[in-house]
Amino acid sequence: MPNIVLFSGSSHQDLSQKVAERLGLELGKVVTKKFSNQETSVEIGESVRGEDVYIIQSGCGEINDNLMELLIMINACKIASSSRVTAVIPCFPYARQDKKDKSRAPISAKLVANMLSVAGADHIITMDLHASQIQGFFDIPVDNLYAEPAVLQWIRENIPEWKNSIIVSPDAGGAKRVTSIADRLNVEFALIHKERKKANEVDRMVLVGDVKDRVAILVDDMADTCGTICHAADKLLSAGATKVYAILTHGIFSGPAISRINNAAFEAVVVTNTIPQEDKMKQCSKIQVIDISMILAEAIRRTHNGESVSYLFSHVPL
C-alpha cells in the first residue's frame, strides 16, 4: 500500500508485527528509550512527510510510560509533516475511569482523550471500549472495533456443546454484549447482579436465569484481578451448570488473577491478544488466546483506502 507507515510502540510489539505481516508491510523505524532521568525519548528513523501514519500501542504493562511514549510518537510524526496520524490502541488506557461515580473523582478517560487530540492524533482505532460513550470524549473520529465476531467463531469451533450453552454476563452492565452473542448463537442468556463495596472486591452475587444442565459461557470486556469471574464460576456451578468458560476481550490479569484462575473450575479462560499473554499462559494452562491482528489489520487497510469498517462489526476478515 502506498503512502502508509506503520509504527509500533513498546507495549505489544508482537501484535504490531502480526498486523504488519497481514498488511504486507514492514514496521517503520523508530527508537524509543529513556534518558537517565527517566524521561521518554522517541526518534522516528524515516521520513513520514505526506504519509498516512498508524501507531500501534496498547494500554497495558507500564501504562503511564506507554501512554507517554504514544503521545510523543504521535506528536513527532505530526510535526514531521505526516498527512494523518492514527493511534491504534487495542486496549484503551484509563477506560474504567469514564464517569464521576463519587465525589471529586476524575474522569481520566476524558483526560486521555484530550491528551491524544492535543498530541496531534487525527483518528483513533480501538477495541471493545469499557464504556462505548468514551467515543464521545473525542472531537476526532473513533472506530471502536468489536471482538464479538472472533468470539463467536471461537465458540463454534472450540466448544462442542455450544448449542446447549447459555451466555452469561458477570454484571448488569454487560447485558447488551451477552444478548447480542446469545442472539447470534440462538441460545439463552443470563446475568449476574453483583454488589461491590469497593473496587476489585465483590460482596454478593445474584444469578438471574436458569443455567441448570447447560454449558455456561461468561463473557465480559475485561478481567483484572479476576475476583468477579471466579466468584461467578462458583455461582454458576452451584446453580447446576455442567461446565464454565470465560471469554474476555482484555485479559489484564494483575495481582492474584493467575492463582485465582488456576484454583477456579474453568474449562478455559479465553482472551484476545490486545494485551500480551505469553508470560501468563506459561503460568496458567487454562488461558487461551484469540488472535485479533486480522481485525486491526483490516481496519487499518480500510481506513487507509477510505472504505467503511462497519463490515468488521459482524465478520472476521480472512
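The backbone N, Cα and C atoms fix where each Cβ goes, glycine too.
The ATP binding site annotation in Swiss-Prot covers R96, Q97, D98, K99, K100, D101, H130. The Cβ of K99 (ATP binding site) has 13 other Cβ atoms within 10 Å, all protein chains considered.
DSSP gives D143 (Mg(2+) binding site) a strand state. Note on D143 (Mg(2+) binding site): other Cβ atoms within 10 Å of its Cβ, all shown chains, come to 20. According to Swiss-Prot, the Mg(2+) binding site annotation covers D128, H130, D139, D143.
Predicted-model confidence for the region 'Binding of phosphoribosylpyrophosphate' (212-227) is 97, expressed as mean pLDDT. What Swiss-Prot lists as region 'Binding of phosphoribosylpyrophosphate' is 212-227.
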Looking only at R96, K100, H130, which of these binding-site residues has the biggest number of Cβ atoms within 10 Å around its Cβ? H130
For the recorded ATP site, whose residues are R96, Q97, D98, K99, K100, D101, H130, find every other residue on that chain with a C-beta no more than 8 angstroms from the centre of their C-beta atoms, and list them by sequence position. A95, A105, I107, S108, A109, A131
